[in-house]
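Novice: Provided herewith is a single structure, encoded as structure tokens, for subsequent inquiry.
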Amino acid sequence: MHIASVGVSKFCFLFSLAFCGLLLLLIPALQPLPRQVDLPKPRPQARPAQVGTSEGLGKPIKTEISRNSYPKTGKGVRRIPERGIGGPQEYRSHDKLELKDIFIAVKTTRKYHKSRLELLIQTWVSQAKEQTFIFTDGDDKELQMRTGANIINTNCSAAHTRQALCCKMSVEYDKFIESQRKWFCHVDDDNYVILPSLLRLLSSYHHSQDVYLGRPSLDHPIEAAERVKSDGSVSVKFWFATGGAGFCISRGLALKMSPWASLGNFISTAEKIRLPDDCTIGYIIEALLEVALTHTHLFHSHLENLQKLPIDTVLEQVTLSYGGFENRRNVVGVVGGFSLAEDPTRFKTVHCLLYPDTEWCPKLKPRHRN
Ligand code: UDP
Ligand code: MN
């Protein structure tokens, strides 16, 4: 009996030891799973409202178009669901977006270096020298030395053809991808970029989301024969942001465009659908990637009547433009230190309203006292 009870307590002792050991082994396994870092954030859902989606059936497809004569609607339409419209989404990034996070590409051509580009370098580009890249088609060492601007000779043809313009866009895209920056924004050499507004707008989104921001020049989607995913017997409808007003693309979305846009693929995509550079961007994003353009009225080209822009809202816009001459002048109606003769584009006036301390800006006269 005594021997038996010693055996039992020995057994109990060994059992408790084994149990404790087992518990110790199990402790790490019973801990809650570590929190996954960097969970993808919810995609900002565009809250679209009625954009004039004139998706009616209509005319046969035109294939060769220029920027100002886009084809109208057509048959065999594949509808892209949901349109984005209006202002920024609710998304707020944790890290504050800075100007250095944006890659601004300016498209130009050798013959406009003096007449257009110099004005940009003197005005808004001077405030964003590090992040602005000028894509042109001819060397201009003198301009580069004198202004310190980032001028990139794409070696694309200087002609105003679809191929030449797509060639420049293709280089812009590749340089952006290489740059590691968060946002790609493209503008023409007749755009003024209001940098604080651009920063404010992009801060409302996250660069890892699919964001394509710009202004359509049409009130309906464009239609093209689908020659990338099929043989061209069906057509596809999509919105695109007009290049003449500028547009922006998040890095997340730009990376997804790579199969159709990187390393010269942009040129072959544009060739297949036979559309200009800005339409091709819209095609890749809306039609191939099924990401909707977020329509914004903060971007402006000279295809619209710029006089109609309320003067007190001009500095809140993201891009401005100018066009026409003399009696057909199409410029924003800002008033300031420069007359129309001194500042026909109004870009200097806008610049001095934004950055009054610039040395060449007229100094404000002390208020007249009675
Ligand atoms: N452009 C170009 N090569 C040319 C002509 C124009 O790269 O041979 C560029 C020009 O610098 C501008 C854009 O294309 O950035 C649009 O040109 P423009 O404003 O003259 O025409 P739009 O299409 O706006 O009427
Ligand atoms: Mn233009």
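The count begins at 1 with the first shown residue.
Note: Cβ is positioned from N, Cα and C throughout, glycine not excepted.
According to TrEMBL, the protein carries these features:
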REGION    37-85  region 'Disordered'
DOMAIN    96-346  domain 'Fringe-like glycosyltransferase'
BINDING   ARG116, ASP189  substrate binding site
BINDING   ASP190, HIS302  Mn(2+) binding site
ACT_SITE  ASP278  active site
Novice: Neighbour count first, Cβ atoms within 10 Å, every protein chain included; then name which of ASP189, ASP190, ASP278 tops the list of recorded positions.
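Specialist: Answer by Cβ density within 10 Å: ASP278.
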Novice: So how many other Cβ atoms are close to HIS302 (Mn(2+) binding site), meaning within 10 Å of its Cβ?
Specialist: 18
Novice: When you measure from each Cβ to the nearest atom of ligand 1, which of the recorded positions ASP189, ASP190, ASP278 fall under 6 angstroms?
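Specialist: Among ASP189, ASP190, ASP278, near ligand 1: ASP189, ASP190.
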Novice: Just to confirm: which same-chain residues, 6+ apart in sequence, have a Cβ under 8 Å from the Cβ of ARG116 (substrate binding site)?
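Specialist: The list for ARG116 (substrate binding site) reads THR108, ASP189, ASP190, given in order along the sequence.
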Novice: Can you tell me how far the Cα of HIS302 (Mn(2+) binding site) sits from the Cα of the residue listed as 'active site', in Å?
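Specialist: Computed Cα spacing between HIS302 (Mn(2+) binding site) and the residue listed as 'active site' is 16 Å.
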Novice: Where the criterion is a Cβ under 6 Å from an atom of ligand 2, which of the recorded positions ARG116, ASP189, ASP278 meet it?
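Specialist: None, by Cβ distance under 6 Å.
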Novice: Taking DSSP three-state, what's ARG116 (substrate binding site) in: helix, strand or coil?
Specialist: helix
Novice: So what's the mean pLDDT when you look at the domain 'Fringe-like glycosyltransferase' (96-346)?
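Specialist: Summarising the domain 'Fringe-like glycosyltransferase' (96-346) by its mean pLDDT gives 96.
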